[in-house]
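What TrEMBL records for this protein:
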DISULFID  Cys159-Cys191  disulfide bond
DISULFID  Cys160-Cys177  disulfide bond
TRANSMEM  12-35  transmembrane segment
TRANSMEM  56-84  transmembrane segment
TRANSMEM  90-113  transmembrane segment
TRANSMEM  203-227  transmembrane segment
Amino acid sequence: MVVAGCTKCIKYMLFFFNFIFWLAGGVILGVALWLRHDSKTSNLLILQFEGQQAPSTFYISVYILIAVGAVMMLVGFLGCYGAIQESQCLLGTFFFFLVILFACEVAAAMWGFMNRDTISKELINFYDSAYIKAVDVSGTPSKDAAIKVLEVFHTTLDCCGKGDDTALFKQVVGTLCPRKSPDDFLKSQSCHDKLIELFSEKLYLIGLAALVVAVIMIFEMIFTMVLCCGIRNSPGVY
């Protein structure tokens, strides 16, 4: 133990923040795995219609979260060990990885902000393409497949239609929304609104987690620099 006084206090504060960082990495990893396997999103994103897979842009952010959570746990452990051992080498390596993580998080946040409406819009377009085929009176070969796709949307999201439904849709609503009576259909929320609500909630959760982690990382970078300077200037370190 070569540090003393305020620097020693910084050492234990850095250990505490790294422990919180390690826990946060575990929480983010758990949340990301839940988002990946959540029944609502999984049921929708595995759908296929006319050879087209449902848009999976949402999973890009989830996979990024999984990677970030795993790296955070590794880096958090490295920071804890480096702080306790008062190792400038370990702390320097920790600081390097922390800066990279912070830069990646900023880049991911910018990508998420620029594409915040893309995910729901892509799925709405996918829903609408099946909707058009499902209400087609000419009986196209893909009509049955379209009806099955809409049934998954309606059952998973507890919705029916897209809010501005035509008289033609209302005639076949019993087939497309078998769980809803005519009265229920009038009260039901449109699938467009449900899709926007579903992914807005999940992206908000991702954004909140990223903000908390960013604040922790800023404090850790400051404490790491202070502790490294303290170790370098302590008696017995040459």
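Every residue number used here counts from 1 along the chain in the order it is shown.
Cβ coordinates are placed from backbone N, Cα and C, and glycine is handled just like the others.
Known features from TrEMBL, placed on the structure.
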{"residue": "Cys159", "record": "disulfide bond", "CB count, 10 Å": "23"}
{"residue": "Cys160", "record": "disulfide bond", "CB count, 10 Å": "25"}
{"residue": "Cys177", "record": "disulfide bond", "CB count, 10 Å": "24"}
{"residue": "Cys191", "record": "disulfide bond", "CB count, 10 Å": "26"}
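Cα-Cα distance from Cys191 (disulfide bond) to Cys160 (disulfide bond): 6 Å (rounded to the nearest whole number).
Remote same-chain residues near the transmembrane segment (12-35) are listed as 41, 62-63, 65-66, 68-77, 79-80, 83-84, 94, 202, 205-206, 209, 212-213, 216-217, 219-220, 223-224, 227 (criterion: CB distance under 8 Å, separation of at least six residues from the stretch ends).
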